[in-house]
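Since the structure comes first, as structure tokens, the remarks are kept for the end.
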Amino acid sequence: MPDFTNPLRNPHDLRLPRIAGPCSLVIFGVTGDLAKKKLLPAVYDLTNRGLLPAGFALIGFGRRDWTDEHFTNYVEECVRARCRTPFNEATFAQLASGLRFVSGAFDDADAFTRLSDTVSELDRDRGTRGNHAFYMSVPPSAFPVVSRQLAASGLAKSPEGAWRRVIIEKPFGHDLASAQELDRVVSEVFDPNSVFRIDHYLGKETVQNLLALRFANMMFEPVWNANYVDHVQITMAEDFGIGSRAGYFDGIGIARDVIQNHLLQLFALTAMEEPVSFSAADLAAEKTKVLSAVRLPKDLSHHTARGQYAGGWQGSEKVVGYLEEHGVDPKSTTETYAAVRLDVDTRRWAGVPFYLRTGKRLGKRVSEIAVMFKRAPHLPFESTATRELGSNAVVIRVQPDEGVTLRFGAKVPGTAMEVRDVNMDFSYGSSFTEASPEAYERLILDVLLGDPPLFPTTKEVELSWRILDPIEEYWATLGQPQQYRAGTWGPAEADEMLAADGRAWRLP
Ligand code: BG6
């Protein structure tokens, strides 16, 4: 039998590639959109980068009446369409040798017996050694039944010297109460240390770079506080609509979809204090503290905004409004744009608002964190010289043009003295030769390695719902959200919200 042991000699040297030990990954919901677009290509890319053990196996579980061969063809199609690294026949053949499909419904106990048999076969023939991760790429309503079936079939329990882990996709509930209930169900079956909640924004290189930017350098942290910062804008804008996801999106809305998780995680990493270390516990301690210090404005009507996209033009494409999208209730009050103001009751951030905004069908696809500085207390120039001077800013460009921009004033050449804003850019693409891995590559690998720092804890999830719940409750009392034309930057309400504070949204 080949030696499947982890060849990494010094697991503490984080510069070295980390290679997963013997294991398999079971995906529930393997024919869904996420698996097709992200998970299957990520597993292939990990294989191609040599980060999975030779005996690695991937089991798809789904209702389709597929054989292993059907499944292999499906995986190949998904991988060819979206792999990040080049498609290589030999790599795919290696992955394909460990592909299995178990056909069945989530409430079918026999299917889970077949899954258990498949897992035993892999332990015997491919050396997976009892180590198996279960990826719930399914709606939250299916978590309880899948968890219970895993428990009943004995799959959730780790044999001596082996591990079992469960990966849970968002949304973690739709409010605090349902998130707590979900947690109760999952923790009945799995040990809390073996539960990995995915927030794929934490797997993005640019998001991890926030930690490097803030805590590996001298020049940012001294000004990262209320003495120098005027406010912070966190933006996640998309230039597409809901596509075929009406079933998931309508009734949930964009705030539950991405503010509760991605944007609040970006907020926490931007606003938290320096952690003692980057261990899961130390990171969570700081994120938890800052999430607990969030205060919502008293008057939510002036400090939050909602919108719903109307038809219009997105580039050269004519697009329909949200209410005309296939599968959407034509009277739906679900928001496709949301903006909120948060204040943070700490010495570091007293008086510095954090504005979070997100929307579908906006002007362009961009995610960024913009730390906007106060104006210099005194400008020893003629007032005309600095008329075009805006605020200094540090902009962490999460995507698509990954990097960091510093914005500051510079003298316009040829003038006696005129100062205008200029940008100084760091771009991943030009500074590093290697392309960044996809978030799901990093996160799947971390689960297989049992490395939890990039996964939000239950406490963080709960605190995020505590922040969002009152806003959702308030919005539920309102009628239809304000409409905004596709391809624009959201509803007028959002601009008014910032104007009331004497500020304006950045045009990313
Ligand atoms: C998902 C949301 O979590 O993130 C989607 O459910 C959103 O609505 C997506 O489009 C965006 O991810 P990314 O990585 O493309 O910014």
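Here the Cβ of each residue, glycine as well, is placed from N, Cα and C on the backbone.
Annotations in TrEMBL come from automatic prediction, not curation.
Worth saying up front: this structure is predicted, and the values here are computed from it rather than measured.
Going through Asp175, Asp183, Asp257, Asp343 against TrEMBL, the one listed in the substrate site together with His200, Lys204, Glu238, Lys360 turns out to be Asp257.
One residue stands out among the binding-site residues Arg63, His200 for having the most other Cβ atoms within 10 Å of its Cβ: His200.
If you check the binding-site residues Lys204, Glu238, Lys360 against Lys170 (NADP(+) binding site), none has a Cα inside 10 Å of its Cα.
Checking the binding-site residues Arg63, Lys204, Asp257, Lys360 against ligand 1, the ones whose Cβ sits under 6 Å from it are Asp257. A distance of 32 Å separates the Cα atom of Glu238 (substrate binding site) from that of Arg63 (NADP(+) binding site). When the Cα of His262 (active site, proton acceptor) is compared against those of the binding-site residues Arg63, His200, Lys204, Lys360, the shortest separation belongs to His200. Across the fold, the C-alpha of Lys360 (substrate binding site) and the C-alpha of Arg63 (NADP(+) binding site) stand 32 Å from each other. Fewest Cβ neighbours within 10 Å among the binding-site residues Lys170, Lys204: that distinction goes to Lys170.
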